[in-house]
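These come from TrEMBL:
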BINDING   32-39, 149-152, V178, 186-189  ATP binding site
ACT_SITE  H39  active site, proton donor
BINDING   Q63  beta-alanine binding site
BINDING   Q63, Q155  (R)-pantoate binding site
Amino acid sequence: MSLAIVRTPADLRAAVRAWKAAGDTVAVVPTMGALHAGHLALVAAARREAGRVIVTLFVNPRQFNNAGDLAAYPRTEEEDAAKLAPLGVDLLYAPGVEAMYPPGFATTISVAGVSEGLCGAHRPGHFDGMATVVAKLLLQTGADVALFGEKDYQQLQVIRRLTRDLDLPVRIVACPTVREADGLAMSSRNLRLDAQQRAAAPALAHVLSATAAEIAAGAALSRLRADAGHALAEAGFGPVEYLELRAEDDFSVVDDASRPARLLAAAWLGDVRLIDNVPVRAIPRP
Ligand SMILES: Nc1ncnc2c1ncn2[C@@H]1O[C@H](COP(=O)(O)OP(=O)(O)OP(=O)(O)O)[C@@H](O)[C@H]1O
Ligand SMILES: CC(C)(CO)[C@@H](O)C(=O)[O-]
Ligand code: BAL
């Protein structure tokens, strides 16, 4: 089984135009490749949402704030295409950097508010680069629906804001985080962990879950932050970039579970930066 791979916006548009002329709807799953079961869950959801499914594969230089991270990012297009071929994906869109950013490219999309703090504070320029490429991918594919993972929770908020503000005619569907059996959120960057770091990595999910349970029971995050940091350090983590609670409705900073919230963290294991998040719902009191 082979998969059609398209490299230019013009070829992509031609394929989509033919599908739409035949009355098909189109779903897109944007990725940076090195596909794992989290991505494949997005593809399965995409198949339920539309008649045609496009997966995009583009390691977007503009969203990397760190040259070493970009250089080390795994690139496994052949294996990725082999994983997608049996899943009923209609097309893999894998443009080169020149096709995406031709000479003279000068536009940046910057989403205020939800992109501030958290990853926005620690990865300068990241969300501008991400929003710019996602806007391009949504416009190039003309997709009716686009699927994104909750693992990148702040990214999802930025994309929702972007599509509303620019009146992009696309529905955004969020999919829950897919985890390894030991709780570690699947991520392409996990491939860069050595054996010892891989053994330590699930502590991030465990500390988040334990802290979320205490907040759900009535505790304030500000009183739990130091203990969570110690637990991560004991497990072998380096610096914790942030551990923050945000309200799910407007993404404002909160300290307890009086509103449905998300507990989000980023922390380093050696030179690999991991992120994760969990929902927090107050336990109703009798
Ligand atoms: N574990 C996961 N569960 C569900 N969705 C995921 C998971 N990991 C990534 N995704 C989603 O897949 C899409 C593509 O993400 P991307 O290609 O950056 O993979 P990644 O594993 O998140 O890589 P990275 O190491 O850059 O974090 C995004 O919408 C992302 O949120
Ligand atoms: C959405 C995305 C494909 C844009 O490059 C990327 O940020 C990702 O993989 O999450
Ligand atoms: N998964 C989010 C993309 C990034 O880390 O750049």
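Note that Cβ sites are derived from N, Cα and C of the backbone, with glycine treated the same way.
Mapped onto this structure are the features recorded in TrEMBL.
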residue	record	CB count, 10 Å
M32	ATP binding site	18
L35	ATP binding site	25
G38	ATP binding site	21
H39	active site, proton donor	26
Q63	beta-alanine binding site	20
E150	ATP binding site	18
Q155	(R)-pantoate binding site	23
V178	ATP binding site	18
S188	ATP binding site	19
Legend entry - Pairwise Cα distance for the residue listed as 'active site, proton donor'/S188 (ATP binding site) [Å, integer]: 10
Legend entry - Helix, strand or coil at L35 (ATP binding site) [DSSP, three-state]: coil
Inset, instruction - Scan M32, L35, G38, E150, V178 for binding-site residues whose C-beta lands under 6 Å from an atom of ligand 2 and note them, or write none. - result: M32
Inset, instruction - Just the recorded positions from H39, E150, S188 whose C-beta lies under 6 Å from any atom of ligand 3, please, or none if there are none. - result: none
Legend entry - When distances run from the Cα of Q155 ((R)-pantoate binding site) to each of the binding-site residues M32, L35, G38, Q63, V178, the nearest one: Q63
Inset, instruction - Give the subset of the recorded positions L35, H39, Q63 lying near ligand 1, defined as CB under 6 A from any of its atoms. - result: H39
Legend entry - Rounded to the nearest Å - Cα separation of L35 (ATP binding site) and Q63 (beta-alanine binding site): 19
Inset, instruction - To the nearest whole angstrom, state the Cα distance for the pair V178 (ATP binding site) and the residue listed as 'beta-alanine binding site'. - result: 23
Inset, instruction - For M32 (ATP binding site) and Q63 (beta-alanine binding site), determine the Cα separation and express it in whole Å. - result: 11
